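Everything on this sheet refers to the single structure shown next.
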Amino acid sequence: MGLRRLASAECRRLGGMSLDEDTRWLEWVTKQFEAIAGEDKEIDLEEFKTALKVKESFFAERFFALFDSDGSSSISLDELLGALNLLIHGSEADKLRFLFQVYDVDGETTTHTHTCYGSMCNGSGSIDPDELRTVLKSCLRESAISLPEEKLDDLTLALFESADKDRSGAITFEELKAELENFPEVMENLTISAANWLKPPEAEERRRQAPRYLTRAYWQNNSRKLTFLMAYALLSLLLFSSALLHHRGGGVCYMVAKGCGQCLNFNCTFVMVLMLRRCLTWLRATWLVRVLPLDQNILLHQIVGYAILVFTVVHTSAHILNFAHLSQHTGYSLWEYLLTTRPGVGWVRGSASLTGVVLQLLIGLMVLCSSTFVRRSGHFEVFYWSHLSYVWVWSLLVVHCANFWKWFLVPGLVFLLEKVLGLAFAHMGGLYIVEVNLLPSKVTHLVIKRPPFFTFKPGDYLYINIPDIATYEWHPFTISSAPEQSDTLWLHIRSMGQWTNRLFEFFRQPETLASSPKRLATSLRNKRQLVQTQVGNYLAPPKLGDNHQLCNIKCYVDGPYGTPTRQIFASEHAVLIGAGIGITPFASILQSIMYRRRKQNCPNCSYSWCENIIDSDMKLRKVDFIWINRDQKSFEWFVSLLTKLEMDQADEEPEGRFLEMHMYMTSALSKNDMKAIGLQMALDLLAKKEKRDSITGLQTRTQPGRPDWAKVFQKVSEENKGKVHVFYCGAPALAKTIKAQCEHFGFHFYKENF
């Protein structure tokens, strides 16, 4: 108990904790300890490894030895409090000493760590190159980074030579401390991030903040959408009220049913208008894009879909109550009103009730199968096929309601025309997949022979049908090649559902390609065409290998269709954020940008500069590209493209670099984590020496962890390159975080939806 009181008092002194905060902190630590410790009230090594959640046992064993101050091969509550005091509230010298002991592998730490909390422990007193290599190798495994042994040697020597100031062949504590002073941002928050169970929960801020939806920035950034929704709500209210008044003599339930019915006439037509993709793509090229929320058509489609479900339930419930009332005064029972045509309700042989029941079931099924958990859980086909029920819904609505055809006629003809044109264009020319590249993390790169009439903008998407995979299924994917690449189209498809997994497996099995007729002649012809057409293109295809195949697979495409990214060239400062495979629209955009900016080299010296090709649509002054990946392998999808982009950048530009790239790897531990600090220091030093990142091979240094969006956007704001437009493609959860930050800084936010 003495050490516990000492740790408590020391925490109040170093951390500025009040008595109440200190009490809550002790309760928290005790609770966490009891949850981890066994019946003996001690934590052994295996329990410690489980609680620490480390990938590499090396660090668990090192930390355990340092926490176990009495060398009993178990950690008591008092020992845990002492270690917690050191790691969370200790001084920089305390934390540095702990870090040094972790790296000093051959030090006798187990018998001396009892002095860690008050003074410096004595191990061997130095770190030799082999010890440092052992630690860095464990750091790589902990951060899920795979590098060749030669690169690991280079990292070790880069850090060792930088830290070993006196060239003695060993790093002392003072030398390590001096080296860390070159990384001041690390020392501000040096912790063990994986040991969050050791940290007390942060006190909630009691400062009252206005709800996000009531802020001025939110209304400014969402003015078009909010104005549109208010107009939609007002129109629905007017339709409901007019129908209510028109049938005011029929009783309350009858009036409500008719009011909802009128709203359903409008909504069941309007939900289709929001998905007229060709019309919306055309409208994006007009001034209406500045007035109407065309970029939120998917969101509005979902809102109207939920409104249809609500109106349908209320409409049905009101009719049931009305039928129950009528059954008491007529010769028909409630079930006859609901499930037969005998009462004669409806304009087509009294079928209103029966069609209404079927409509209720179909609409409920469509809404259920279109929910996020169905679409994002690898069951896109369930959503796809259930959504085709709209044909039956509209057909039944014409039979169910005498006036629906008046609402449906014009939009329905436009919708039918779009579908006919889409199928006609898709089957007009024979399209073939001529090349396939299977990339890491089950990404399929398709190269499709581009038809001459197919014109698109950077960031557009299309629907593709591959009969060999599924005869009747069409799936949307972003075009990842630039419009300037005139001979081929690129698609990068991540395996996330049944169809995409079948696609990957289809091309992974050589026999599927070997069975095609005249395979050798076709492959030879395609290879010669690719050699000819790729000359002068921005990025040459990768060399043939085990995962790279030439083929001749029939396919159909429907599109292209526009997205919010069409507005990028009208921006002054564009921030492109891709999460994982969300890079695909930006791959097209970045290639197109660099096609429009040609690098020029002085023939007499090494000076280079960029010239913009005359383009009235091009207003860009600065582009920040941010790519966030979970693992190292994912960067291989577009590393050759990004390398070419770096090479085509001018060495010096009057207004600074036009394109800045920022890479983040979320599985890698951050620089302020004790299990990663040495590795990140070594990566920084080697990157400066080789002018190349060890993880991706790019000049841009890959940052560990996730971006600090407040700092990222603060830097963007300070550059003053004009109006900032942020374009995002990736997981919806991250979109909310980025959008909130954009609202705070007054940036325009666009999210890819299709």
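The backbone N, Cα and C atoms fix where each Cβ goes, and this holds for glycine too.
Remember, it's a predicted structure, so these values are computed and weren't measured experimentally.
Database features, via TrEMBL:
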DOMAIN    55-90  domain 'EF-hand'
DOMAIN    151-186  domain 'EF-hand'
DOMAIN    426-567  domain 'FAD-binding FR-type'
TRANSMEM  226-244  transmembrane segment
TRANSMEM  264-283  transmembrane segment
TRANSMEM  303-326  transmembrane segment
TRANSMEM  346-369  transmembrane segment
TRANSMEM  390-408  transmembrane segment
TRANSMEM  420-440  transmembrane segment
TRANSMEM  574-595  transmembrane segment
Which of 264-283, 346-369, 574-595 contacts the transmembrane segment (303-326) most, counting Cβ pairs under 8 Å: 346-369
Tally of DSSP helical, extended and coil residues in the domain 'EF-hand' (55-90): 24 helix, 1 strand, 11 coil
Cβ contacts under 8 Å made by the transmembrane segment (574-595) with residues that lie 6+ beyond its boundaries: 443, 458-461, 477-485, 490-492, 494, 538-539, 563, 565, 568, 613, 620, 622-630, 634, 637-638, 641, 644-645, 648, 659, 713, 716, 724-731, 734, 738, 747, 752
Reported mean pLDDT - the domain 'EF-hand' (151-186): 84
